[in-house]
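Lifted from TrEMBL, the feature list:
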type     : residues : note
DOMAIN   : 70-444   : domain 'Amino acid transporter transmembrane'
TRANSMEM : 95-123   : transmembrane segment
TRANSMEM : 148-174  : transmembrane segment
TRANSMEM : 194-216  : transmembrane segment
TRANSMEM : 223-242  : transmembrane segment
TRANSMEM : 262-283  : transmembrane segment
TRANSMEM : 303-325  : transmembrane segment
TRANSMEM : 345-374  : transmembrane segment
TRANSMEM : 395-415  : transmembrane segment
TRANSMEM : 421-443  : transmembrane segment
TRANSMEM : 455-473  : transmembrane segment
């Protein structure tokens, strides 16, 4: 007779209530008052306010329970794809130039499969413990320190990526030291330097105001149309000697130099798929959740993301060849593109403008899904402090959202170049969220066999190497 536990309930909705209300509130995340009131989980109970001042604070902070429409399988797929596709796509052409089309494609597929497996690793303890945030799952499996580490990584990592998106957006509009912007390209008669209202600080201000309306949706279902548009714009960012196999000379002359440069290229692909911080918001928002439905969404998202990255990598390499830069935008100047197009300046201007505008729109539409997990962790911490639920009132929700955007704007103004800072953030927070924490969860899975444990150790080893390489390179 088998003694293994019965996991048939995992094919049922993750959280069941009589009317299957939306578990992730429109103005926050996690289990709201409805679930807390009927739950047998003592951790779901909401602490009562201690006095009148606390009661007033929670009344401002919370919203009465409301049933919201949850996301469909398609909504979940495109939102996860939006979370994956980011500024890292700009480095794919150079990675493909060095690894070759076959080598780069094989690496992209391998990392997509590994990301799918790591997310499956994360979902098992989520389904077993029915904890609905990354931090709660890690805290349950590894203790309070692990929950704190996850919250820190999500808040700092998400904020770092948003700072990068904002600076890239401003640079796309007016240019940087490495490439010209959309405005100087389209209006070359403008003076150099540009007027103050087109300066760096002013452009960051206009870029922030451009981003602000995209943060209005209060549900992940509302973010889904934004994600669809973002994916479409990412495909427009595709940029002719073609090499199918890796080119050793691309990485230098000596063996040590080549090895060092290869090691520097591979993390570009490995960290481009990091999206684990967005998984739990999507889990709690998926309508009629079952493991099979969630894994289907993750699988299709890996296909969409991998196809987009491969398209950009191959096309950028095909256009610019060995001259492609680490940031392909540096290659997008009208003179060089016109030379590739046989001297057709008009076609070159149209091509460069199309790619840069598509990339700028893509950066704007990255904000809603990237800020979501950061806001959720802040809400969770505030909820613990106030002794309230995590279902925010509209006033509290928008105050938190746009205060976060203001802080991100101020950091972007202060930092002259985000790439070195965000490189460190990606190497630390991105690596821990995408590799180390899932590896730790695999090691604690009571049903995991030897192969499962080996995969966990493999994720930890990959995370350690990427951590070391990323910090050293930054």
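Placed from the backbone N, Cα and C atoms, the Cβ positions cover glycine too.
Automatic, uncurated: that is what TrEMBL annotation is.
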Exercise for review: For the transmembrane segment (194-216) and the transmembrane segment (421-443), decide whether they are in contact, meaning at least 3 CB pairs lie under 8 A, counting pairs 6 or more apart in sequence.
Suggested key: no
**Study point:** Same-chain residues near the transmembrane segment (148-174), Cβ under 8 Å, at least 6 residues beyond its ends
**Key:** 86-87, 134-135, 138-139, 181-184, 194, 198-200, 203-204, 206-208, 210-211, 277, 329, 356, 359-360, 363-364, 366-367, 370-371, 373-374, 377-378, 380-381, 404, 407-409, 411-412, 415, 417-419, 421-422, 425-426, 428-430, 432-433, 437
Review point. Cβ pairs under 8 Å with the transmembrane segment (262-283): which stretch of 395-415, 421-443, 455-473 has the most?
Key: 421-443
